Amino acid sequence: MAPGAPSSSPSPILAALLFSSLVLSPVQAIVVYTDKEVHGAVGSQVTLYCSFWSSEWVSDDLSFTWRYQPEGGRDAISIFHYAKGQPYIDEVGTFKERIQWVGDPHRKDGSIVIHNLDYGDNGTFTCDVKNPPDIVGKTSQVTLYVFEKVPTRYGVVLGAVIGGVLGVVLLALLLFYLIRYCWLRRQAALQRRLSAMEKGKLHKTAKDASKRGRQTPVLYAMLDHSRSTKAASEKKTKGLGESRKDKK
């Protein structure tokens, strides 16, 4: 390289920006959701739900693919495909006349319904979603169990037991607080009654004392009057006796 010629190596700032754009920028993959398992009775129908999350807007090239692997089988076969706004049911397998498309791509829903269930339908169903340019991600699987009569799920029984226990506890607490409220109300009424009786006794005592206070001077006055009358009568009697002696 000739002296004074500009350097052809990238600047440190440009190298750092390139490194951050390639390494540090997050890579977001499409995420597919299904139930873990579903139960159905022979002759009934069951819905296999499938939804997804994507960092991109819903594309016109959005596609859903359902595959089925029989119970104990090794290979999975395609049973349903949705692309370009049209559902396609594969002509291979026993589901070709029993599958119904019930999904809504605008709501990111790729669900299907399987009608007229049979014991041979037991197996694993896989939902795969592509939303270009977001095409990288894992599929999701749901296992179908077909019974003569759908058994009550353990979670439902446990939930019912827990709900019953909580109901009994709440009822007991309500009854306790109701009894306590009635008892406190009765005690308050009794306390008010006793307080009123005490006030009545005090008022009566004060009234009697006031009455006795008013009667005492009258009694003393009557007693003095009686004494004065008696003294005057005795004096008069004594004077009459002395007068009779003088006449004799």
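Even glycines carry a Cβ here, placed using N, Cα and C.
S233 is the residue among S7, S233 that Swiss-Prot labels phosphoserine. Taking the Cα atom of each, C50 (disulfide bond) and N122 (N-linked glycosylation site) are about 18 angstrom apart. A strand conformation is recorded for C127 (disulfide bond) in the three-state DSSP classification. Beyond its flanks by at least six residues, the transmembrane segment (156-176) meets no residue of its own chain at a Cβ-Cβ distance under 8 Å. The two recorded residues S233 (phosphoserine) and C127 (disulfide bond) have their Cα atoms spaced 136 Å from each other.
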